[in-house]
Amino acid sequence: MDGEDSGGVGSYVPDVIRGRFVLKLAAVVAVAVVVSSAIGLMFYANATDRIDSQLSDRVTSTAQLQAQGLERWVGGVRHQTRLISQAPPFQRDDREAIDYHLLRQGGRMSESILDVHYVDSHSREVLVSTNDSVEGTNLSRAGVPWARDRAATVGRVTNIAERVFVASEPYESPSSGERVLAFVSAAPKNTENLVVVEADLGARAQQFHQTVDEASTTVQRRNGARVMGTLSGNATLPGELTSAESAGLTRGDGNVVGFAPVDGTDWTVATVVPASAAYSMRNYVGSSLLAGVGATVAVFAVATIAFGRRSAKTLDDLAERARAIEDGDLDVDCSTDRVDEFGRLYGAFDEMRDSLREQIAAAESARDEAEQARERAEAARAEADEAKREAERLNDRLEARASEYGDVMAACAAGDLTRRLDAEADSDAMAEIATAYNDMMDEWEATIRRVRAFGEAVGTAAADVTETVDDVRDRSAGVRDAAETMSDDAAAQSAKLDAVWAELDDLSATVEEVSTVADSVRTTADETLERSEAGREAAAAAADALGDIEDSTDETLAQVEALDDLTAEIEAVTDLIGDIAEQTNMLALNANIEAARAGTDGGGDGFAVVAAEVEELSEETVEATAEIESAIDRMRGQMETAVDEVTATSRKVSAGTETVADALAAFDDIADGIEATTDGVREIDRATAEQAESTQEVVAMVESVSEIGDRTAAQSDAVADDATEQSAVVDEVGRDIGTLADRAAELDDALAAFDVETDSGSAGEGGSGLASDRGRGVERGPDAGTDAGADDRSEAPPLDTTGPDAQTDEGDERVRRVESSEIVSVEGGPVEAVEGETGGTDD
């Protein structure tokens, strides 16, 4: 291209690319591919960072939870050790009782407790154990770490009976061979001996639960020694993990390690996940994103090659044929099957070639006629010579014009759409070719300007829509909050109205019930008046009967007191039986001891049988005595209750005698009061009937208001839901508008490769073409309706509504402005508009 591009983007483009249309198109597509790849890589980085963060949180949380669970487990075993050491047999140092106690408690202990030993605190010898094979074993010589190396620490801790020493170093139990952890405590009042509880670490390690496949958990001390758990594969732990003071995460050696310290110990819990398992999801997401970017690049490349090669080939072929015509080859084939602008350009060249052929033939015919006439007349010869020279001059001008046309077309093919053919030619055919070509380039240049204006309008509209979307989002949030508040208020009002309705309904029922009761009371009052006379007579008879009851009550009270004395004697006999049963139990225990001593001689079977029978009889006696004592206690309680009730009855009978006398006097007053009550009840009956009617009307109104409140609450909930959905839609529209603006920017960058007229006249022409050809277009600003705009529209070249340009008009119809919200809706993309102008790749 010429120097007209020196001030634009083209000045930064190498001449190699500027000189070839296909290279220019490839450069535009390459820029788009780079931008798309950068966006894809950004999404890839964000996705992988988020997945890594989630993995880190999950692995670290798993280690923390396992550390907390291990801390609770240590505390639980420490508490059980404290409870076991507080048992009375340990405090008395009664080894036989300790053996029996451990035997009975064996099934009640936690599954984590493997064995319990009763150990001498000085010699470290096992005196009693739940595992008989270890009794008599010296734990210090057996290599138990806490007994061998921590004797002073154990002694200092266990000198206080309430404290428990927890050995941080595990070992293999001498009794079971399992890997265990020791909990050591001294019994109250017996700090000379120790109670040692061995907890099974292998069973506890199996309780570690993993949240990631192929993960494993191990527990290590500060010195790096393993406490429990195993690592999968060839995994190793960094040395700095053992001194960690807080939970964290580290990566290395193909593993992801989450760690957390166990409070109260020098242990660190580490959860190890192989990197292949940890990052499988991240790798999958990354591969998918990269595959998507690669597919996009491939599509762009194929489209560029398919479209660019064909367009470039057509332009090269046309330039080659123009050069052939320039060289004088008028037999070159200018036919083509294309019907777009290239096809019309081929047709113009074909007509130009035919016109040149006809003119050359005419020139040759004139030359022949001049030669034949030369013999007849000198004047004719001179005229023939002049005609020949004129023909030669015409031929030279045609060849120069063809060369000039070829240069202009080559410049246009390189992207300079501002170049035009000179239509003032000596030949009509050349003038027609120039006119047709200039019309085509005017239409093409106008199309490029319209597409640029379209892209700028899309960008401006996208900005306006973004602001509108933000405003709609804010208003939607306000509507949603107001709807939720109104819904809550309506629900509260509905609940209160329901409560009021229920209360009024109860009140209505109560009023009706009062009315009914009033009628009943009136009838009852009449009957009571009649019965009061009979009551006076019955009261007199009751006074006589109360005297007889008082005498009978005194006799009953004397009998109950005698029964209480007999019960005390029975209770003394029961205590004696209980003492005998206890002594019998001691005899049975002695018999068991004698049987054990005589067991080696084979003569202890008799003692054992007798001891068993005596012990069984003693237990039955104790149980029977307990039942008798319980029955006596219940009988004593019942007798005490009976004495209290008889005494109270006696006092009541005495008071009743006096009350009956007072009742006789009260009956007369009751009769007078009943008559007055009857009159009052009649008045209450009338008033309650009126109140019942009013209450029913209020209940109906409250029920109607409650239904309205329910409907209001339901509608408010629906409004809140609609507002929430609208907010989501507005967010999606905002993202789509952002994408549209990015595409418009890419289109603008792509169109920058084409040079068009930028002066005021040409710009007005491009703008007028956009405004006049479109029935509903993007507004050009406040000056769109001026006379200058009208003049520009009059200078715009007419568009062919039947040819390829009709596609642009159809594309223009796809842009409309909604005046109420100033939102531009684009049904077709900018790429479709450009393809409509250039004719695409097909006919």
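Heads up, the Cβ atoms here are built off N, Cα and C, so glycines get one too.
Fair warning: this is a prediction, and the values are worked out from it, not measured in the lab.
Residues annotated as transmembrane segment in TrEMBL: 21-45 (among others).
Among the features that TrEMBL reports, transmembrane segment is placed at 289-308 (among others). Long-range Cβ contacts of the transmembrane segment (289-308) within its own chain (Cβ-Cβ under 8 Å, at least 6 residues beyond either end) map to 21-22, 25-26, 29, 32-33, 36-37, 40-41, 43-44, 47, 841.
The domain 'HAMP' feature in TrEMBL is assigned to 309-361 (among others).
Annotation comment: TrEMBL describes 353-408 as coiled coil.
Here TrEMBL flags 396-449 (among others) as domain 'HAMP'.
The domain 'Methyl-accepting transducer' annotation in TrEMBL covers 468-706.
Taken from TrEMBL, the feature region 'Disordered' applies to 758-843.
What TrEMBL lists as compositional bias 'Basic and acidic residues' is 773-782.
According to TrEMBL, the compositional bias 'Low complexity' annotation covers 821-833.
Taken together, the residues in the domain 'HAMP' (396-449) have a mean pLDDT of 79 on the 0 to 100 scale.
Applying DSSP to the domain 'HAMP' (396-449) sorts its residues as follows: 40 helix, 1 strand, 13 coil.
Helix first, then strand, then coil: DSSP counts for the domain 'HAMP' (309-361) stand at 39 helix, 0 strand, 14 coil.
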